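Visitor: The following block contains the structure, expressed as structure tokens.
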Amino acid sequence: MKIAILSQDPKLYSTRRLREAAENRHHDVQVINFMRCYMNITSHQPFVIYQGQRLENFDAIIPRIGASATFYGTAVVRQFEVMGGFSANTSQAISRSRDKLRSLQILARKGIGLPVTGFAHATQDIDGLIETVGGAPVVIKLLEGTQGIGVVLAETHQAAKSVIEAFRGLDANILVQEYIAEAKGTDIRCFVVGEKVVAAMKRQGAEGEFRSNLHRGGKADKVRLTPEERSTAVRAAKAMGLRVAGVDLLRSNHGPLVMEINSSPGLEGIEKTTGVDVAGKIIEYLEKNAAPGKTTDRIQY
């Protein structure tokens with residue numbers, strides 16, 4: 001197959017591993033900085049230009065699009081879909097997953113377990129907002145935050161009020177969630193490919209840190225999932241329309257709860273922790289689902 005990896009940095013671990021896995025299986029692979037592409041969107045024969053050359057006849061696309069590049073990145077993915085390329089994640093699913101509020105609303109509608117969550121912008125009834133999720137302690141998040149940035153644990157009602165007031169001064173949209181104390185600062189990253197969890201790890205926050213992000217000094221270990229946890233991760237990815245996803249779960253007293261779904265999950269932490277060839281699993285999935293030579297429009301509006 002002819003595969004395009006859409007990535008701004010070919011030296012990133014995830015990009016390198018995907019390229020290596022594809023080449024090991026004898027595919028023709030090209031890493032493309034999607035931010036440097038331009039497109040003809042009105043042509044009867046739509047195309048993408050990169051480094052002065054038309055990008056044509058790709059059987060499969062692997063988007064590795066960071067949060068800050070979502071708008072243009074998904075536009076490029078959409079153009080490849082119009083040209084008939086099979087994307088590991090569709091442009092629509094990526095856009096949907098990048099909106100944290102919309103993601104939670106979709107998951108709630110599908111009956112998937114979530115922490116009790118409130119959403120606000122400039123409410124004057126801060127006390128009511130806090131009580132809506134069961135009172136302190138609560139976790140307060142900036143809607144646009146990533147990698148644990150803009151996430152605060154408020155252990156008392158007064159602390160929660162102070163944080164919400166401060167965020168309100170930033171003219172920010174905020175999520176307020178119940179704090180799952182029994183999780184003890186750990187979460188579980190489930191890596192879903194297709195309709196299967198191919199690898200999973202438990203992440204523990206650094207000393208005195210309730211956020212478990214590896215970017216923030218957390219550590220990771222292999223973990224055995226329960227059937228309910230596997231089912232929840234797969235159902236969550238499917239609800240979002242994601243074929244490749246990192247689903248973050250908390251273990252609560254009333255079952256697994258979904259914290260977040262990532263449409264461009266990193267491979268380094270999960271591969272080094274579990275020893276699973278996750279990049280290879282993604283390429284295998286493309287082999288089974290991307291029909292070489294298919295040129296019909298795959299776009300979903």
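Using N, Cα and C of the backbone, Cβ positions are placed for all residues, glycine too.
Residues or ranges marked as domain 'ATP-grasp' in Swiss-Prot: 104-287. If you look up Swiss-Prot, you'll see Lys141, Glu178, Tyr179, Asp187, Arg211, Ser212, Asn213 marked as ATP binding site. The Mg(2+) 1 binding site annotation in Swiss-Prot covers Asp248, Glu260. Annotated Mn(2+) 1 binding site per Swiss-Prot: Asp248, Glu260, in sequence order, evidence recorded as sequence analysis. Under the heading Mn(2+) 2 binding site, Swiss-Prot lists Glu260, Asn262, citing sequence analysis as support. Summarising the annotation, Swiss-Prot assigns Mg(2+) 2 binding site to Glu260, Asn262.
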Visitor: So of Glu178, Asp187, Asp248, Glu260, which of the binding-site residues has the fewest other Cβ atoms within 10 Å around its own Cβ?
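Guide: Each of the binding-site residues Glu178, Asp187, Asp248, Glu260 was scored by Cβ atoms within 10 Å; lowest is Glu260.
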Visitor: Within 10 Å of the Cβ of Lys141 (ATP binding site), how many other Cβ atoms can be counted across all chains shown?
Guide: 22
Visitor: Just counting, how many other CB atoms are there within 10 A of the CB of Tyr179 (ATP binding site)?
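Guide: So the number of other Cβ atoms within 10 Å of Tyr179 (ATP binding site) is 18.
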Visitor: Sequence order is fine: just name those binding-site residues in Asp248, Glu260, Asn262 with a Cα within 10 angstroms of Lys141 (ATP binding site).
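Guide: So far as Cα distances go, none of the binding-site residues lies within 10 Å of Lys141 (ATP binding site).
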Visitor: What is the Cβ neighbour count of Asn262 (Mn(2+) 2 binding site) at a 10 Å cut-off, with all protein chains included?
Guide: 18
Visitor: Closest to Asp248 (Mg(2+) 1 binding site): which of the binding-site residues Glu178, Tyr179, Asp187, going by Cα position?
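Guide: Closest recorded candidate to Asp248 (Mg(2+) 1 binding site) by Cα: Asp187.
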Visitor: If one measures from the C-alpha of Glu178 (ATP binding site) to the C-alpha of Glu260 (Mg(2+) 1 binding site), what distance in angstrom results, rounded to a whole number?
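Guide: Here the two Cα atoms lie 14 Å apart.
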Visitor: C-alpha of Asn262 (Mn(2+) 2 binding site) to C-alpha of Asp187 (ATP binding site): distance in Å?
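Guide: Between the Cα atoms of Asn262 (Mn(2+) 2 binding site) and Asp187 (ATP binding site), the distance comes to 14 Å.
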Visitor: Take the domain 'ATP-grasp' (104-287) and average the pLDDT across it for me.
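Guide: Mean model confidence (pLDDT) across the domain 'ATP-grasp' (104-287) is 91.
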Visitor: Under DSSP, is Asp248 (Mg(2+) 1 binding site) helix, strand or coil?
Guide: strand
